[in-house]
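Record features, source TrEMBL:
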- 16-304: domain 'ABC transmembrane type-1' (DOMAIN)
- 338-575: domain 'ABC transporter' (DOMAIN)
- 12-28: transmembrane segment (TRANSMEM)
- 59-81: transmembrane segment (TRANSMEM)
- 126-146: transmembrane segment (TRANSMEM)
- 158-179: transmembrane segment (TRANSMEM)
- 233-258: transmembrane segment (TRANSMEM)
- 278-302: transmembrane segment (TRANSMEM)
Amino acid sequence: MRIRQFIGRREWLLAAIAFATIVLQVYFDLKVPEYMQEITKRIVTPGTRMQDVLGEGSLMLASALGSMAAMVATGYCTAVIGTRVSRRMRADVFEKVLSFSLPEVGKFGTPSLVTRSTNDVNQVQLFIVMGVQMLVKSPILAVWAMTKISGANGTWTAATSIAVAVLVVLLGAVTAVVMPRLMRMQRITDDLNRVTREHLTGLRVIRSYNAQRFHEGRFEETNAELTRNNTQVMAAFALLMPALTALMTALTLAIYTLGAGMIDSASGAERITLFTQMVVFSAYALQIVGAFMMLAFIFVFLPRARVSWKRILEVLDAKPSIRDGGASVGRSGFKGTVEFKNVSFRYPDAEDDALKEISFTAEPGQTVAVIGSTGSGKSSIVNLIPRFYDVREGQVLLDGRDVREWTQEALRNRISLVPQKATLFSGTIASNIDYGKGTKELAPADVVEAARVANASEFIATKEDDYASAVAQGGSNFSGGQKQRLSIARAVARDGEVMIFDDSFSALDYKTDRDVRAALRDAAAGATIIIVAQRIGTVRNADKILVVDKGRIVGIGTHDELFASNPVYREIALSQLSEGELA
Ligand SMILES: Nc1ncnc2c1ncn2[C@@H]1O[C@H](COP(=O)(O)OP(=O)(O)O)[C@@H](O)[C@H]1O
Ligand SMILES: [Mg+2]
């Protein structure tokens, strides 16, 4: 088991202490019946003084207290081990998830990754704290207790064996019912997490479309499944508990009944011996049954911890589909050239190519625009440049080097990307613009300049704390256009050789759109600018326009060339502007 990698030296030491205290626990537990035997013997022997009984009694009490103290010590050690191990595990899972590229995140799904790094780690922790303790204690207890009564009365031993056999059958039956349901628990937790998450993130839409009912229904479905599953597990345990108590009582009863017969037919001193033996035997027999019970409980709970452990390992062992190349510089003579060579691309698990035979070049100082209807593949094209996904065929080159040959860090350091969905992080406006680790440290003046280029200075000035104003999680306290402008400012501040704007001007009004692009052209004069847009106004001044349709480039040229000769482009243009405006 790979669990070893999460256990440090101090934990091994604690484990050793835990083991020693478990042995102590068992020792004291098994000592109690011996004093009991002694006390019984004294009581039934005529002429015993009170203080003889009390002496043995206090020793018995001391044993019981000793067992309790040992148990507390064990509990402390295992709790510390459990929390430390789970802390490391959580950290590793988190770090691994951060290293994931989009294909891996897509494979697991965000909700499942959340469950894996929280709930699954807790399951393993619980097992370390509770399960391992029982797993170690029960065999020691069972074997030790057996040696104490071995060679004792055969009839009683037979009764105990029968009780153990019944116990095993009973627990086997319960396990059969409970195990598959416990193993299903993690998947249902994933589902519940997914449904809840979707509802919370889509709250606004749900409200405005009065779709609460629909979502309640969906939540109810998953919730009901979880409830059903839990009820069945709990019902099985509810039946098990009284059955076990009954079994123990029956065993005691059997030993005493059998003992009564034996005592009856014995005579004189032998009667007393038999009687004390009986008291002790029944005490040990109960310990043995108890040990088996503990062992069985572990076998019920182990599978759930194992499922969780496997799910954690799946994350930790996931091979990154995007492997780093070794190059950190492009070919000499290049400074920001992006080239697509006959690129075809397919999303993981998709049936068809999202992009087919894409070829084009974007040079430094140029603005290349990508236009096309929604779903035509514009975002897919630009997401291949920072290598969020790998191509299926062909090559994407930055500075004459295949993006797969670059280290991801060097590659992304050269690229400033504004993704289609503007993303802000909780913090301040400044921390969102000066974000991440680029090739150079940013001065406050750089942040202000970036905001100016992005046309964001004005609204930032209206905020109470200027650049120190708080940004809520997901930027929820900013409008769509403001979020877009802050994202643009972030990209400008990064000052990449290649600047990619994926539909980043869509929420800006026409004038702001124009102003931002003009400022950008000045501020990033030498950079390669790639602009994805749906508006003709945004793209018409570009040096080169790619017209994308159904994953293919159906036209490359300037606005005038395309308008004159390309039917797809002409249709888009005419749908937005009158022929007079375009002329
Ligand atoms: N993560 C994804 N997984 C699978 N298919 C996707 C994914 N993202 C986009 N697609 C599909 O790829 C096609 C192109 O999408 P996209 O590049 O986002 O279009 P555009 O940006 O032009 O609107 C669409 O048919 C879309 O359904
Ligand atoms: Mg898009």
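Placed from the backbone N, Cα and C atoms, the Cβ positions cover glycine too.
These numbers come from a predicted model, not from an experiment.
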Given the transmembrane segment (278-302), its same-chain partners at Cβ distance under 8 Å and 6+ residues beyond its ends are 29-30, 32-34, 36-37, 40, 127, 130-131, 134-135, 137-139, 141-142, 145-146, 148-149, 152-153, 156, 159-160, 163-164, 167-168, 171, 174-175, 178-179, 182, 244, 247-248, 251-252, 255-256, 259, 263
Long-range CB partners for the transmembrane segment (12-28) (under 8 A, at least six residues beyond its ends), listed in sequence order, are 63-64, 66-67, 70-71, 73-74, 77-78, 80-81, 133, 136-137, 140-141, 144
The predicted model's mean pLDDT over the domain 'ABC transporter' (338-575) is 86
Best-packed against the transmembrane segment (126-146), counting Cβ pairs under 8 Å over 59-81, 158-179, 233-258, is stretch 59-81
